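Inspection log for the structure reproduced underneath, given as structure tokens.
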């Protein structure tokens, strides 16, 4: 498996993040989602890395060029990211603010925030190598958030209702497999390392459950071998998807889905939905014109093949070498949102 160059290319701009919740609003006419909380990596990060001493940040042009006002907010894309779309789809809010944004309004606290940190992962080595917020440290931020929420709401029962009726959105594992695992292949087999990632996910979910969380939407990894960063590794003539890397991602996703099915029987009152990111994105890659895409192998921006950003990011499945474009998220989000509504009702 040729992970090494992919690992290098993802170092500055990779991703992971957890979940969400809605405040006294109805979705599908049956369930009140109080808030959305997101944890994990750059698929969900809305700006938590901006003030960190890390290269894994994107609060600069051309990032955000299609965002409201053309502003680079620290989101890893050309516009809104996946957590924003889930928040809007669940009728919570249009944009999910970053918890570590110094300008965060206390009025945003009751309807949820994002704790995710681009470049992070379940493995502590992933986060430390990137200089970003490790997922368990994001949970510490959530604990601090609850204290602040108590100060804003000033009603313990209402706070408990917000926490228990929220959706927790989690995206973790992408960077562990793409960045960290290539450095550990002599120490771990694919089977043992993916088992570790699932165990760490299990610990994460149980930690949040102990703090009152009950509704979990957990994302699988992307088809990592089809990221532009993987396609453009040295010697990959034809820029095809790297099947061995996709196979590793698929192994983790299968184990993660099975674990979530098992947790239903272990944690009373909790609900879990596995969010398949792998196959919907792979479908866009394999059938691009059906959704109006032209380029599936390159990023619109920020690659050796595109030193000048493309004029129209909506024609690209990927914005840069590791992150889907806003249009890709918009294309796959509706079915995922319906699945979350159905399974977390």
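A Cβ is built for glycine as well, from the same backbone N, Cα and C atoms used for every other residue.
According to its DSSP assignment, residue 42 (active site, nucleophile) is coil. Positions annotated as active site, nucleophile by Swiss-Prot, on the basis of similarity to another entry: 42.
All chains included, 29 other C-beta atoms sit within 10 angstroms of the C-beta of residue 320 (active site). Sequence annotations record features per position, and here Swiss-Prot assigns active site to 320 (among others).
The active site annotation in Swiss-Prot covers 323 (among others) and is backed by similarity to another entry. DSSP assigns residue 323 (active site) to coil in the three-state reduction, placing it in neither a helix nor a strand.
Annotation comment: Swiss-Prot describes 103 as N-linked glycosylation site, evidence class sequence analysis. DSSP assigns residue 103 (N-linked glycosylation site) to coil in the three-state reduction, placing it in neither a helix nor a strand. Sequence-distant neighbours of residue 103 (N-linked glycosylation site) (same chain, 6+ residues apart, CB-CB distance under 8 A): none.
Summarising the annotation, Swiss-Prot assigns signal peptide to 1-24 and lists sequence analysis as the type of evidence.
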